[in-house]
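Here is the structure we will look at.
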Amino acid sequence: MNNQNVDQNEIAKFEALASRWWDPTSEFKPLHDINPLRLNYIDERVSLAGKRALDVGCGGGLLSEGMALRGAHVTGIDMGEAPLSVAKLHGLESGVKVDYRQTTIEELARDPEHAGQYDVVTCLEMLEHVPDPASVIRACASMLKPGGHMFVSTINRNPKSFLFAIVGAEYVLNLLPKGTHEWKKFIRPSEMSDHLRHAGLEVRELTGMTYNPITKVYKLGRDVDVNYLMHARDTRED
């Protein structure tokens, strides 16, 4: 495990909470709240129906199931055994078919049955939890078909994100369990763009995601100071 791009402490955080993944009133409420926004953002740009999609860091399967319900053929990967068990069980209960696997993206990229075979790769709310995000992005890019699309989301690294994403979300509003995030692991959009370009992808769009603590509503917009999504594309001919 030492040579894998995995932080066991990060995995342990989500293992401990896994049984509550599909409870929209639990610690995962923020994920439930933003999932429709993320899903629509992706579907509007690639039209998921009939596409082959890979969800990297799928956790309990919220996004994976959502993409499958939009008609995509989805593979979801994660290194957390408990979240994957929850994802598989929920899929059986809901009748939504997703191929879940316990593996890292770097390992899957070495499998010729998967490398270069996906129209869409998503890596949402995951990159701030791994030791080497650039390695993840390179491996994700290698999974794309020519002309394929990649979507990433994470948290910006600046004083405002420390105030909002850690102090506010974890200690004041109690939206997330304390210790969910480490500020030093947050990734600036400029850094994310560099990672994507070095992986051979063209950045197409940067979009912010904000939370209003009064209305308790998330929305997409231009403010990328805290949470943001980025859309990139493989530049090879389809």
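Backbone N, Cα and C atoms are what each Cβ position is placed from, and that goes for glycine too.
The S-adenosyl-L-methionine binding site annotation in Swiss-Prot covers ARG38, GLY57, ASP78, LEU124 and rests on sequence analysis. DSSP assigns ASP78 (S-adenosyl-L-methionine binding site) to a strand segment in the three-state reduction. All protein chains considered, the CB of ASP78 (S-adenosyl-L-methionine binding site) has 25 other CB atoms within 10 Å.
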For S-adenosyl-L-methionine: widest Cα to Cα gap among ARG38, GLY57, ASP78, LEU124 in Å: 19
